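What Swiss-Prot says about this one:
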TRANSMEM  18-38  transmembrane segment
BINDING   E41, G46, P443  Ca(2+) binding site
TRANSMEM  59-79  transmembrane segment
BINDING   H64, H380  Fe(II)-heme a binding site
TRANSMEM  103-123  transmembrane segment
TRANSMEM  149-169  transmembrane segment
TRANSMEM  193-213  transmembrane segment
BINDING   H243, H292, H293  Cu cation binding site
TRANSMEM  246-266  transmembrane segment
BINDING   Y247  O2 binding site
TRANSMEM  269-289  transmembrane segment
TRANSMEM  312-332  transmembrane segment
TRANSMEM  340-360  transmembrane segment
BINDING   H370, D371  Mg(2+) binding site
TRANSMEM  375-395  transmembrane segment
BINDING   H378  heme a3 binding site
TRANSMEM  414-434  transmembrane segment
TRANSMEM  447-467  transmembrane segment
Amino acid sequence: MTNPVRWLFSTNHKDIGTLYFIFGAIAGVMGTCFSVLIRMELARPGDQILGGNHQLYNVLITAHAFLMIFFMVMPAMIGGSGNWSVPILIGAPDMAFPRLNNISFWLLPPSLLLLLSSALVEVGSGTGWTVYPPLSGITSHSGGAVDSAISSLHLSGVSSILGSINFITTISNMRGPGMTMHRSPLFVWSVPVTAFPLLLSLPVLAGAITMLLTDRNFNTTFSDPAGGGDPILYQHLFRFFGHPEVYIPILPGSGIISHIVSTFSGKPVFGYLGMVYAMISIGVLGFLVWAHHMFTVGLDVDTRAYFTAATMIIAVPTGIKIFSWIATMWGGSIQYKTPMLFAVGFIFLFTIGGLTGIVLANSGLDIALHDTYYVVAHFHYVLSMGAVFALFAGFHYWVGKIFGRTYPETLGQIHFWITFFGVNLTLFPMHFLGLSGMPRRIPDYPDAYAGWNALSSFGSYISVVGIRRFFVVVTITSSSGNNITRANIPWAVEQNSTTLEWLVQSPPAFHTFGELPAIKETKSYVK
């Protein structure tokens, strides 16, 4: 990091991927700090650390959600992993639009600053990440905080749209000779399947929050029934974006998991084509289920029946992926190195999150469970243990390629077990709280809920210890790990991997390929 000009103006996909990773790590640390503050407040009944300031509690909730989704998971998963891996995996010299790639990243820091500054303006933005009116309207949040948060969303949305255009163009036009789509690794497939929903859904969000902005500042009434508007319109528009948005971090994660499970089982992925079509199905179906977040707003019974059925159908391609991973492991000689531990943890916990999703898909049950901690537990099992475990797995899998050094295996495994124990202890009790009717976004609760909340808060402290261990692993690897030569890549040579990233030096040269590789072999594993 000695030359700031190189990092500011770089158009190299590896440099920009590294910037995305660093940015994601910083945002992730901030988001984790907010989540620990939330859990400290909820550790016991009554007012604990926020002095009874319920608005501040909701500002923390809002900032935690935005930081984790828009500034940690998405930049690290799509910007970081995508930028580093996709050009190498398809045999391309770089991304299709390198300068667009640069601005895609540099739109994010100002966006983050706008979000953080919104918390410091007057009483902050305590709307939740959904920013639903009338709570986000000018009468309920009169200062500039919500406007600042909306501007932040606009900027990060532009960043994602530009990045998506870049990835789609790169993968469709810049594959090396012989690298057909059906020879591409599954991570390469997962990126355009992620980019298309982003490209289609973000403009809808932009429209919705622009309406909100004009309602707040220019006296329009899109969300105000007094002027002929409807707050439910905003909910439909937001959720049309918001539901594909929650699949967006998971799909590249599932691509990473496919690589890892294949490598450490010593077998090609079971049902490659099925995996591809399952990913595409999830990407398409994600657009058809948004109103399952809105079962309590007074939808027609036939509308609720449709959204219940459509939501349950998403479980089918998801199940295909889960069972294909299990079938890949079946009969393989499995090595439980750190990436594989995270991959198996991902499969197990993502499955639990999916099962609670099936419960919540029932519109009748959701009337009781909506906005309780059951929903919080569900989406954290999918995101906190799906997307984040996939990121950890991918980091340990490719870190040798990125740094040219091996990570300390024992410390990596300790990191896994502490984190696994911590997140489960945090989130599993939330199912019981939700079934008992404890509502979300409220910083105080009756004494009856005290036991499970105390356990949950204790689990969050353990998770922080695990995440600190991760940064220890990163520091040791980047500064003093064993150098990797082509002969001692930890697992690529053992498993005779034929994805392209293992065939270039570690770390890859500034310009990865002297000449474009010609792909003649379609098998992903040779015994």
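In case you wondered, yes, glycine gets a Cβ from its N, Cα and C as well.
Checking the binding-site residues (H64, H243, Y247, H293, H378) against H370 (Mg(2+) binding site) with a 10 Å Cα-Cα cut-off leaves H293.
Counted over residue pairs separated by six or more positions, the transmembrane segment (103-123) shares at least 3 Cβ pairs under 8 angstroms with the transmembrane segment (18-38), which defines the two as touching. Outside the transmembrane segment (414-434), and at least 6 residues removed from its termini, the chain residues within Cβ reach (under 8 Å) are 39, 338, 341-342, 345, 349, 356, 369, 372-377, 380-381, 384-385, 392, 449, 452-453, 455-467, 469-470, 472-473. Each residue in R239, G242, V289, W290, A291, M294, F307, T311 lies on the same chain as H243, H292, H293 and has a C-beta within 8 Å of the C-beta centroid of that Cu cation site, without being one of the site residues. Around H292 (Cu cation binding site), a 10 Å sphere centred on its CB holds 24 further CB atoms from the protein chains shown.
Scored by C-beta pairs under 8 angstroms, the transmembrane segment (246-266) has its highest count with 375-395, from the stretches 149-169, 375-395, 447-467. Annotation for H378 (heme a3 binding site): spatial neighbours G353, T356, G357, V359, L360, criterion Cβ-Cβ under 8 Å with sequence separation of six or more.
By the Cβ criterion (under 8 Å, sequence separation of 6 or more), the transmembrane segment (447-467) is not in contact with the transmembrane segment (312-332), since fewer than 3 such pairs are found. Of the binding-site residues G46, P443, P443 has the largest number of other Cβ atoms within 10 Å of its own Cβ.
For the residue listed as 'O2 binding site' paired with H380 (Fe(II)-heme a binding site), the C-alpha to C-alpha distance reads 13 Å.
Ranking 18-38, 59-79, 312-332, 375-395 by CB pairs under 8 A with the transmembrane segment (193-213) puts 59-79 at the top. By number of Cβ pairs under 8 Å, the transmembrane segment (18-38) is matched best by 59-79 from the list 59-79, 312-332, 340-360, 375-395. Residues within less than 8 Å, Cβ to Cβ, of H64 (Fe(II)-heme a binding site) and separated from it by at least 6 positions along the same chain comprise G31, F34, S35, I38.
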